[in-house]
Each structure stands twice: as C-alpha cells, then as structure tokens.
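Student: Could you have a look at this structure, given as structure tokens, before my questions?
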Amino acid sequence: MTRILGIDPGSQRTGIGIIDVDESGRSRHVFHAPLVLLGEGDFAQRLKRLLHGLGELIETYQPQEVAIEKVFMGKSADSALKLGHARGAAICAVVLRDLPVHEYAATEIKLALVGKGGADKVQVQHMVGIMLNLKGKLQADAADALAVAITHAHVRATAQRLGVNTQQAWSRKR
C-alpha cells in the first residue's frame, strides 16, 4: 500500500487530498480538506502557516509520495507570483521531510481523470467522487488535490507496468 498526498496550492486556500493505493492500483480515500490561509496576517504569515500546516499533515498521515499541481498563468501576474510562492512553501514542507515531489499541469490532471485536458472543474469533481466512492459535493480545492493524487497514482501504475520511472511513464502517455 502506498499513501499519496495531493496538493492544490493556493495563496488563500490550499487543497489537501490523501489517498492510499494498493498493489492492483485501486485508490482509497483517506483524507481531504482545504488548508485555509486567510486571516493569518500578511502574505508572509500565510506562507508560514502553509509551511507548518502542511508539515503537520505530513507528520500525521505519513505519505510516501507527493503530487502537486504546477503553476498556471491565471488572472494576473501578481496572482501567478503569489501562487508560485505558495507552491514553493508547499514543496519546501515536502522536501524538508525527504519525500519525492511529482508535478502535474492542470491539463494533465484533467486528461488523466476525465479524458479531456479542457474539462471543467465540475467534471473533475464528479470523477473524483466516482473514483473514490465519495458522496455529496466536494469542496473545489480539496477535490483538485485528490485529483492530483489520483493522477499520480495512475502515472505510477503505468510506470510500474512499463518498468520505468514516473517521469518516463508520463512522457510516454502523452
């Protein structure tokens, strides 16, 4: 059994999703939640909260692998920079604990879950719910984090079948 932590980074809310994957490649939901950073003071204090909060979750749930969504250029350059800082704080929390980090673009995640790189958030949330047998509507940030974890589980299973590392498997899938 392998435990995978998925992270959907954000400067106001960071999605956290944790799954267990068995030897056959089946995924089981363990935990999901948004790590809310608003109200934590200035931006630097929010990054500190992200670093420490994510570190606590890693210590509690003990994942073996971590997958994180790559930065995309959104509304403005300022937003993209803040997202990059949040992503950096999240990656630091992971590598400080000597865990491997695997990165996936939003289009790669959508392709892995829905079959279309241009799928919308509702389609991704729906597929996450089906794949993990979750009832009710998932909160967007947490659903995205679970989607990142599921994507990594799929890439990981493909890599094992091909006898290559995950980076090589993903480049062959596309």
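A Cβ is built for glycine as well, from the same backbone N, Cα and C atoms used for every other residue.
Features from Swiss-Prot:
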- D8: active site (ACT_SITE)
- E69: active site (ACT_SITE)
- D141: active site (ACT_SITE)
- D8, D141: Mg(2+) 1 binding site (BINDING)
- E69: Mg(2+) 2 binding site (BINDING)
Student: As a test of the contact definition, list every same-chain residue at least 6 positions from D141 (active site) whose Cβ is closer than 8 Å to its Cβ.
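Tutor: In sequence order, the residues whose Cβ lies under 8 Å from that of D141 (active site) (at least 6 apart) are D8, G10, R13, T14, G15, P34.
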Student: Determine the minimum-neighbour residue: among D8, E69, listed as active-site residues, which Cβ has the fewest other Cβ atoms within 10 angstroms?
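Tutor: Fewest other Cβ atoms within 10 Å, among the active-site residues D8, E69, is found for E69.
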